[in-house]
């Protein structure tokens, strides 16, 4: 095909999870419920941590940031997906597609690095408890967060700029429910060699670096826990890590399945893996961290009690005004 026939597409069509019309409304209802549960659950986590003085430590500081990142992560993908479930056209403009891709990569990478930072936090708390306050001080926590955000933004910008230089022709149908990198690359007419090399080198390094950090942290934690003489001490140490390990397994397991194979092998199964780490993990995080954490349970109970008390006070005030008039 001659270069004169290659043009910059103005829009893409997102094929979604299913092309069958009868599936659209049930899928809309399912993902709307999942999205609302994700937003509500993660907001409650943030409010509980911010309002409870006993939860003002590095572990819960990073958990609140993770909850905020999860809200943003799902918001980048799900609202557009919900609109497309009820739309016949299912289109997304080129600029909107690149923007969605950028913020999807940003918040995905922030999630990844926050999980690594939380593993380091658990390592310091268990292996070096007497120096925990000085090691994980406010300044260091802020620097770790700043690095996670800055690196995620630069990493995402690099990959979006590499996609933006490509030329698209023929089909504009993305075999996915949002603008992910691999499905968009499959539509390119020009060579994607540089993109694939960067994905398998810099991209893999950006994912594997926090993953290796998590593995090393937990190996050190395991060694320290096995040296604890009492069984109750071992159980207490493991209980502080179980929630984080569950989330790490869900997140990294699904990401590894999707991204660490050649572009030519991208299939429908990758969409299912994407749902796990974009929607399902973000929805389950509040439940995982509260069901396995007594302090978070207590913080949420206090928050809910406070909200109920304020609502009762408000309803009483309104009732008095009505009777007074």
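Placement of Cβ uses the backbone N, Cα and C atoms for every residue, glycine included.
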TrEMBL annotation (transmembrane segment) - matching range among 172-191, 272-291: 272-291
Selection from 27-49, 141-162, 207-226, the stretch that has most Cβ pairs under 8 A to the transmembrane segment (272-291): 27-49
Stretch with greatest number of CB pairs under 8 Å, the transmembrane segment (102-120) reference, 61-82, 141-162, 207-226 candidates: 141-162
Same-chain residues near the transmembrane segment (61-82), Cβ under 8 Å, at least 6 residues beyond its ends: 14, 16, 28, 31-32, 34-35, 38-39, 42-43, 45-46, 49-50, 92, 100, 103-104, 107-108, 110-111, 114-115, 117-118, 121, 141, 145, 177-178, 278-279, 281-283, 285-286, 289
Beyond the flanks of the transmembrane segment (141-162) by at least 6 residues, Cβ under 8 Å: 58, 61-62, 65, 98, 101-103, 105-110, 113-114, 117, 120, 181, 194-195, 198-199, 202-203, 206
